[in-house]
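The active site, proton acceptor feature in TrEMBL is assigned to 95. The active site, S-methylcysteine intermediate annotation in TrEMBL covers 337. Per TrEMBL, the feature [4Fe-4S] cluster binding site maps to 115, 119, 122. Positions annotated as S-adenosyl-L-methionine binding site by TrEMBL: 163, 164, 195, 218, 219, 220, 294. According to TrEMBL, the feature domain 'Radical SAM core' maps to 101-326.
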Ligand code: SF4
């Protein structure tokens, strides 16, 4: 019978599994076979890991289990994206979004239950911070979605769901290990994007990760006054400090850092903003994702009219700043950028469950 106290092989690092095997009096190299069964063959029953001896399987069944987050529900959007709401065994709900794109599948994953960063345009901020996700819970979102959707081709991961990934740096890097390992999800680091609100100290620490993923920084403003209002993290690390850190990151040749810029009507969408943005990103190898704000009844901000968005983009184009306008998927199911939040901590009678 399964009990919660058993060691969870899912999400455990190679070193942790080796230690377990050594403690069980077994050769440490079996760790590779175990991870191959779990992540490559997607087998969750130890009994079915048939190239392990019967006696090892029996020992493993006594001591551990393979337990990704399997308690979830799905919400299907008209645009084909699917929001997965995971009800976590250790408490709390998190959301991940499956998005079929023209060039394959992208998954948007969460790193925390809630978030402490208090960005004023974001529904997750309304939850406050509840807890960090474990590697099993972070990797589990991708694993479960890949298994459920029967994905066999490589997919893209964006750490842009609930939470500030860099405030869960230890578990984030352990999850990155699983994402890129040949006996994990076997994804190229170029398929993984870690997005941050601008936690400069941990951004520079992430820069030391040996298989650096793509980096996205949520900028959203061109003056500190604007950004302080939108993103309180700016009070600690302002725009200048943030962009200086971006310039120090060891971004591989031919790669660019992504700057996310949520366009909000009357707040950061003027031609003057566009021109300041051009000046701010001078000499930074970047591309800018313009994200028209996704309106929700709970937040007062509005999406700019299309001509305003086009005018902003035109100013970037004239200065040869690489950019795209990203229209979010999953708006009808509350799965678009800035809309992720679970009912557990929603406040007020009008707050919407996606
Ligand atoms: S935008 Fe990101 S960092 Fe800011 S509150 Fe929302 S989840 Fe947290």
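Every residue, even glycine, has its Cβ placed from backbone N, Cα and C.
Features recorded in TrEMBL, as mapped to the structure shown.
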residue : record                               : DSSP (3 states)
95      : active site, proton acceptor         : strand
115     : [4Fe-4S] cluster binding site        : coil
163     : S-adenosyl-L-methionine binding site : coil
195     : S-adenosyl-L-methionine binding site : strand
218     : S-adenosyl-L-methionine binding site : strand
294     : S-adenosyl-L-methionine binding site : coil
Separation of alpha carbons, residue 122 ([4Fe-4S] cluster binding site) and residue 218 (S-adenosyl-L-methionine binding site) (Å): 12
Entries of 95, 195, 219, 220, 294 (recorded positions) sitting next to ligand 1, with Cβ under 6 Å as the cut-off: none
Rounded inter-Cα distance in Å - residue 220 (S-adenosyl-L-methionine binding site), residue 115 ([4Fe-4S] cluster binding site): 18
Length of the line joining the Cα atoms of residue 122 ([4Fe-4S] cluster binding site) and residue 219 (S-adenosyl-L-methionine binding site), in Å: 14
Inter-residue C-alpha distance, residue 95 (active site, proton acceptor) and residue 163 (S-adenosyl-L-methionine binding site) (nearest angstrom): 10
From 163, 164, 195, 219, 294, the binding-site residues whose CA lies within 10 Å of that of residue 115 ([4Fe-4S] cluster binding site): 163, 164
Maximum Cα-Cα separation in Å among residues 163, 164, 195, 218, 219, 220, 294, which the record lists as binding S-adenosyl-L-methionine: 19
Residue 195 (S-adenosyl-L-methionine binding site) to residue 119 ([4Fe-4S] cluster binding site) - Cα separation in whole Å: 14
Chain-internal residues near residue 119 ([4Fe-4S] cluster binding site), provided their CB is under 8 angstroms and they sit 6+ positions away: 125, 197, 218, 230, 231, 232, 233
Least surrounded among the binding-site residues, given as 195, 218, 220, when other CB atoms within 10 Å are counted: 195
Same-chain residues at least 6 apart in sequence whose Cβ lies under 8 Å from residue 219 (S-adenosyl-L-methionine binding site): 198, 227, 239, 242, 259, 260, 261
Reduced DSSP assignment, residue 122 ([4Fe-4S] cluster binding site): coil
Number of other Cβ atoms within 10 Å of the Cβ of residue 163 (S-adenosyl-L-methionine binding site) across all protein chains: 30
Neighbour tally for residue 95 (active site, proton acceptor), based on other Cβ positions within 10 Å of its Cβ: 26
